[in-house]
Amino acid sequence: MEVSRRKAPPRPPRPAAPLPLLAYLLALAAPGRGADEPVWRSEQAIGAIAASQEDGVFVASGSCLDQLDYSLEHSLSRLYRDQAGNCTEPVSLAPPARPRPGSSFSKLLLPYREGAAGLGGLLLTGWTFDRGACEVRPLGNLSRNSLRNGTEVVSCHPQGSTAGVVYRAGRNNRWYLAVAATYVLPEPETASRCNPAASDHDTAIALKDTEGRSLATQELGRLKLCEGAGSLHFVDAFLWNGSIYFPYYPYNYTSGAATGWPSMARIAQSTEVLFQGQASLDCGHGHPDGRRLLLSSSLVEALDVWAGVFSAAAGEGQERRSPTTTALCLFRMSEIQARAKRVSWDFKTAESHCKEGDQPERVQPIASSTLIHSDLTSVYGTVVMNRTVLFLGTGDGQLLKVILGENLTSNCPEVIYEIKEETPVFYKLVPDPVKNIYIYLTAGKEVRRIRVANCNKHKSCSECLTATDPHCGWCHSLQRCTFQGDCVHSENLENWLDISSGAKKCPKIQIIRSSKEKTTVTMVGSFSPRHSKCMVKNVDSSRELCQNKSQPNRTCTCSIPTRATYKDVSVVNVMFSFGSWNLSDRFNFTNCSSLKECPACVETGCAWCKSARRCIHPFTACDPSDYERNQEQCPVAVEKTSGGGRPKENKGNRTNQALQVFYIKSIEPQKVSTLGKSNVIVTGANFTRASNITMILKGTSTCDKDVIQVSHVLNDTHMKFSLPSSRKEMKDVCIQFDGGNCSSVGSLSYIALPHCSLIFPATTWISGGQNITMMGRNFDVIDNLIISHELKGNINVSEYCVATYCGFLAPSLKSSKVRTNVTVKLRVQDTYLDCGTLQYREDPRFTGYRVESEVDTELEVKIQKENDNFNISKKDIEITLFHGENGQLNCSFENITRNQDLTTILCKIKGIKTASTIANSSKKVRVKLGNLELYVEQESVPSTWYFLIVLPVLLVIVIFAAVGVTRHKSKELSRKQSQQLELLESELRKEIRDGFAELQMDKLDVVDSFGTVPFLDYKHFALRTFFPESGGFTHIFTEDMHNRDANDKNESLTALDALICNKSFLVTVIHTLEKQKNFSVKDRCLFASFLTIALQTKLVYLTSILEVLTRDLMEQCSNMQPKLMLRRTESVVEKLLTNWMSVCLSGFLRETVGEPFYLLVTTLNQKINKGPVDVITCKALYTLNEDWLLWQVPEFSTVALNVVFEKIPENESADVCRNISVNVLDCDTIGQAKEKIFQAFLSKNGSPYGLQLNEIGLELQMGTRQKELLDIDSSSVILEDGITKLNTIGHYEISNGSTIKVFKKIANFTSDVEYSDDHCHLILPDSEAFQDVQGKRHRGKHKFKVKEMYLTKLLSTKVAIHSVLEKLFRSIWSLPNSRAPFAIKYFFDFLDAQAENKKITDPDVVHIWKTNSLPLRFWVNILKNPQFVFDIKKTPHIDGCLSVIAQAFMDAFSLTEQQLGKEAPTNKLLYAKDIPTYKEEVKSYYKAIRDLPPLSSSEMEEFLTQESKKHENEFNEEVALTEIYKYIVKYFDEILNKLERERGLEEAQKQLLHVKVLFDEKKKCKWM
């Protein structure tokens, strides 16, 4: 692992010297141990973390990746790898043992290429998704698309391991990823899900090219596993001295055990995998089974040392753990490199095969630095000020700090942070790359930014510097131990001391007897300010004894003369001032004479007389004057060996005797809090025979042992110890008797203080006795549980506690007020911890009970009580039933049911013989609820029972009355139904007779002189066919092309035009686009239409493309169902075929089919308008479609009008006939009458009137009076619910021969009115159909309308248009002059040839292909959409009728025989008799085309060339090319990848890249 170190940011210029108050405030503001550290929390457990040198911190949790700023206070961006946009976490099998990282979706998180010249930083992420995919993204923002990605790079199993490192190698300095992963796991359910390709099944280490698009594996880029190697769990990957190292250990994922020793694999830092060997790592010292699990790894590069955390534990829980379970071991990299021989133990290469017995050499750690601990999880190492600093994470949420000595000797770790929740620390610790005083601590779902030292805990300069913490130093201006960055002007060496200075350089005030006549007060240390002041003051009298100023660059000194008057000075205050800060000290001379040692005497400011060996007042003299000047000159005392400290090792007979006599059995408790324990009991034998008994506690191997004297030997088998406070850890315990060997007791765990998370229930009754449960952790170290009440004080409560649970009975507070709150407290040693609040409320109130007996051997007792908030459980309640004189039965609690008013408690008494007797006897019920005991009164008979007696009598009376009323109503209903049936029969007879008569007698006079057929020009015909649903393209494609310069086409479009004329390229692009999931059916149709327009003048080339794509489509369909080919428009070629047919058949459509088609539409319109048409719904009496049948029609009649047209400037011709007779219906609205009048004018004069419908009005001429006719006016009928009925001719009572004047409106014109649901015409609202809206003679008419009565109208309409329809059909499937259109003949021959090539012998297949390509794909589209061909407006009703005609047309081409019954839809039945005739004609049509002589290629090319010339400059081809490029650039990477894989398209690939450059430059120019 490579750790970058940045220089500290430039500091601001030095300000003026701050005041002492400011220095004090700065000291308060500096962060301390208790400050809240910033925490970032995720939704799921964190699986990976990395810090970038410039772009913040990256954290992977579940399926999410977050980018945070360095302070963890702001989230910069987030990436969701789950398609649903959730941060899900893996649902793994049984949770793995804690010494190993658990399941995670994230496998790699590697920032790289940071700071490279001219290159931006990148982030490589590896996930289990998509078979172990890796992505490369820019470091700046995760939301940007990935630059490169590849599959099968990392392990795709959430439990599997992955380690990797990115480096540069080769001549071109390309970036490579060396990755080691557990690609295959033994679990069958996961193996089938995401195993890699067979060639990668035994891959252990792979080399990937990160600059390739798919992160492809190098040709020599795999290192394989030996057959018997099993699964390897890789922990880390790092670079050192030109090699890549992978620490790992063999691991059985099924059993959860390590199957071999941890090892280190080594490969060369090269462009291919060059295996350089492996070496085993032995960190098993101090553990009987060895430590075979490798938990964490860190390379201390500056020291060329690798640190690892090893573990022997294989399961969860303290019962599987011991004080020696884990260890920190340091290995010299040079030794690992020397011993990593190329043995084939776990890995095989091409040169060497796996050999049994060829074991790797074992490397031993640096013994002095090995640190043994009970529960380490992670390590990170670095070098600060030439000191090696190691940070260690633990399983109980601690962050430890170890500082190695000169010989790499580990000191006792310092706890620099503890997680309150005790979450295990993540296996990877990450330093802050910007500020090296921080480290990121990850645990569970949280990341914290922690300061790397607690400098402020050192209160003095000497304490600060003797702690040897390289992060800390003494700040003179603040008089505190701080980080250098927290000290003002720390760059000034006079203001800052680090550990290299040593404690001797700390500033210190000393009082020295310089001579017999005077005493000197001075300051020693490394501090030499330019100017200083000093002053000595008598504290008792506030008198100054001395005051002085220093000479430049010299320390101030104060001389006090030796006077008899100064003997009474007991306390002096000495102060040195240095401009911005002061140094002061107080000396007390009261006890000088009591001090017996020279160092202690001189330290307090007293004077030591050498010859007399006594301590005196400093302002008096020795006799003779033989005092020591300072502490350094005191004689060195020889230390005596004390009884404490380390236990003596006595190997004499006493030891052997102790081993034979004394016996240790157990220690209780085995867990104590960090506060210690005053009564720990050790059990065994023969304790009273020993005189000196000590307990020795040994925790972390590099820390001092605790030696504790026995407190009290209780008897021969029990003794008591009082344990001191300690940090959280597990310790070995042994007992030493009389200086003999230490007998092991086992282990003892120091754990954190208890923590409460829940009290349930939180409300109880005042009498107490309810079972209360507390949830939390570390409850097994509680001494007492106390209820604290404001009146009753502290109440000790009996409790039962385990680690996470504590139960107790709520005490009674009966004498207190009814509603009160108490505090639950936990006592640990002499410390009280608040656990929460317990609410007391008044006792429950019981209202009664009842006893029921459904079975003779069982009684049910139901007790009612008032509703309350007590959560009563089965353990809280006891119910007893007393019956007879002495009978007593216990009732078993069943459940409690809470109702709206009362709560019911149900209990049952089972196994009795006389249940019914007991239920009817005298009885009472006793309820004991905790401490509450009471008798419940039996429920009284409610008054409702009397009501239940009267109820049956009333019920009988009501029933008889109801029967009488019902019979009367039934008779009335039968009479009305008979009348209605008679009326309905009469109506049916009339309608059937009228329908029959109309069918036989009706005749439609088709107007043949319909004038010129209003054909659309080719341009609009083509666009409506190409884009039936996209009207927005009409304008951009039809701009004036004649004024455009042909040479004006820009270079990018010219290049693209040339590129799509490359057939292989274009076909490849189309196939690639169709494989994209988000390339929808709409996109395919649009792309085909854009391509048709772009190649409109290159129809020969377009036809060749159509041929290739059709053949490819045949290849796809021939393997599945060939009859389905071309049936739907789901591919580009199908829409392309539609467009091609439209282009090639446009002339045939205009010359042959257009006129009969227009005649059909006109005839159909005439027939529809002959009968009533509802304006609102567009339904009509005469129709071909049952869904559009107006069967709610009233009686109607024809009204002949004499219409007079006003002379207008738009139509002043003298030849125009202005008096016209027009027939309308009395049920027509005024708007419908206008349309018929306009149509009559057009038919009479051959030209339109000159105005639009909304520009004219109608006036009824009544003598000298006129009345304007409107659809809605003041006389309109308003129905219920505010619905307005539109005015009709009948509404105005206009009779035959009435004169109507057509005039031009003067007011502003309005567009055609779209009537809302608030209006109606012929179809009335349901509630109105029962009312008489047209007079009494029509009463009830609407009520009995039946749809089937009017089905003959469908047949009548069919007969009216039949001859016109057949003329149209035969114009389509006939061959004028015995010649088929070129396009049809060519494509049908093409289909015949392809069928023959593919050996398709079924003639039905070819018939279906032809039907799908011509009638279905072209003619049906035209028949249903006349507005594609003519300049007319298609109404919804016409659309419904044309759908029936189009269906009949397609049925004529179908090969299946129609099996129609009486229940078949009318749309099918209408042309059922005609279809067989049509089918025969179609077969003859197909045969005639096939029998025609084939077209030569030159004929077809000539035809296509002529068609191309016809349509030159019809469309704006540049727009089409631009739209095509949008699709190409959207899927640019996919197209480019496809071109790379296809042979022969290298030139096309270059052209495509050139086109993209041209378009990109054009885009840049637009912004300039």
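Glycine is no exception: its Cβ is also placed from the backbone N, Cα and C atoms.
Looking up CYS506 in Swiss-Prot gives a disulphide bond to a cysteine among CYS461, CYS464, CYS472, CYS546, identified as CYS461. Between the listed residues ASN588, ASN715, ASN771, Swiss-Prot assigns N-linked glycosylation site to ASN771, with no corresponding entry for the rest in that record. In Swiss-Prot, the feature N-linked glycosylation site is assigned, of ASN686, ASN692, ASN1308, to ASN692; the remaining candidates carry no such note in the record.
According to Swiss-Prot, of the residues ASN821, ASN1219, ASN1245, ASN821 is the one noted as N-linked glycosylation site. Swiss-Prot gives the label N-linked glycosylation site to one of ASN386, ASN1062, namely ASN386.
Per Swiss-Prot, the N-linked glycosylation site annotation among the candidates ASN141, ASN1050, ASN1078, ASN1211 falls on ASN141. For the residues ASN252, ASN920, the entry in Swiss-Prot flags N-linked glycosylation site at a single position: ASN252. Cα proximity to CYS487 (disulfide bond) (within 10 Å) is found for the following recorded positions from CYS283, CYS329, CYS354, CYS481, ASN890: CYS481. Within 10 Å of the C-beta of ASN86 (N-linked glycosylation site) we count 14 further C-beta atoms, all protein chains included. Taking the topological domain 'Extracellular' (35-944) as a whole, pLDDT averages 86 in the prediction.
Of the candidate recorded positions, ASN141, CYS156, CYS455, CYS481, the one lying closest to ASN692 (N-linked glycosylation site) when CA atoms are compared is CYS455. Measuring Cα to Cα from CYS64 (disulfide bond), the recorded positions that fall within 10 Å are ASN86, out of ASN86, CYS329, CYS354, CYS464, ASN548.
Of all the disulfide-bonded residues listed here (CYS226, CYS487), it is CYS226 whose C-beta has the fewest other C-beta atoms within 10 angstroms. ASN771 (N-linked glycosylation site) and ASN871 (N-linked glycosylation site) are 10 Å apart (CA-CA, integer value).
With CYS329 (disulfide bond) as the anchor, the candidate recorded positions are CYS226, ASN241, ASN407, CYS464, SER978, and the one with the nearest CA is ASN407. Around the Cβ of ASN407 (N-linked glycosylation site), the same chain contributes SER368, each under 8 angstroms and 6 or more positions distant in sequence. Annotation: CYS461 are the recorded positions among ASN141, CYS156, CYS461, SER978 whose CA atoms are within 10 angstroms of the CA of CYS481 (disulfide bond). Residue density at CYS475 (disulfide bond): 28 other Cβ atoms are found within 10 A of its Cβ, drawing on all protein chains shown.
Taken residue by residue with DSSP, ASN890 (N-linked glycosylation site) is part of a strand.
Comparing local CB density within 10 A for the glycosylation sites ASN241, ASN548, ASN771, the maximum falls on ASN771. For ASN386 (N-linked glycosylation site), the same-chain residues lying six or more positions away in sequence with a CB closer than 8 A to its CB are PRO470. Cα distances from CYS283 (disulfide bond) to the recorded positions CYS194, ASN241, CYS464, ASN796 are smallest for ASN241.
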